[in-house]
Amino acid sequence: MAVFKGITPEQIESLSSGLHAGVDEVGRGPLVGNVVTAAVILDPNNPITGLNDSKKLTEKKRELLFAEIHEKALCINVGHATPDEIDELNILHATMLAMQRAVAGLDIKPLSVLVDGNRTPAFYHGEETEDRIEAHAVVKGDGLISAISAASIIAKVIRDREMDLLDMEYPQYGFAKHKGYPTKAHFEALELHGVLPEHRKSFRPVKERLAKR
């Protein structure tokens, strides 16, 4: 595993060209819902301007780029890990599993996988579990590597939409506003309305609420 802490412009250019899959996750911190990952292979001949870490973009800009990425990217796939898997494996290992699912489901086998952060799981393409794909962890890669930026945008928009749907089902929890993160409003809703099947039972605030039954 390579960790590019002081990545050079030359490395960025090299890793941003060719059929490299960028991978990022959204949703490790929330108390509810899936952790969502995305794998994106961009078309070097059809660049997208304005890509950046999804957290640094407005919702409107993310939605516009989400559509453009789907229009121009060579390949996109999304992976999930459920609340039950998060509770069983822990959030780190569940996130790694979701990343593996995102890469395994790509229609194109990438030359390598570039993951935002400081660690990466083993990646394989489809059912070819003997054919391991080279992978690199890139610290702050969502602001450095276009494919990782694209993956962060895809994962963020998908998860936000999932929270909007959950909000329609349980409007009293305010998921459309706080997206499941541990905010004061979420704590108050937990206390007042209780734990939902979609909550992560291993996370402390949820576990403490369950203990009050």
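We number each residue from 1, going along the chain as drawn.
Glycine is treated like the rest: Cβ placed from N, Cα and C.
Feature annotations, reproduced from Swiss-Prot:
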DOMAIN    18-213  domain 'RNase H type-2'
BINDING   Asp24, Glu25, Asp116  divalent metal cation binding site
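Long-range C-beta contacts of Asp116 (divalent metal cation binding site), restricted to its own chain and to partners at least six residues apart, with a cutoff below 8 Å, comprise Gly22, Val23, Asp24, Glu25, Ala137, Val138, Lys140, Gly141, Asp142, Ile148, Ala151, Ser152. Note on the binding-site residues Asp24, Glu25: the fewest other CB atoms within 10 A surround the CB of Glu25. Restricting the average to the domain 'RNase H type-2' (18-213) gives a pLDDT of 95. The divalent metal cation site is defined by Asp24, Glu25, Asp116, and by the 8 Å test on Cβ atoms against their centroid, the other residues of the chain that qualify are Val23, Val26, Thr37, Ala38, Met99, Val115, Gly117, Gly141, Asp142, Ile148, Ala151, Ser152, Ala155.
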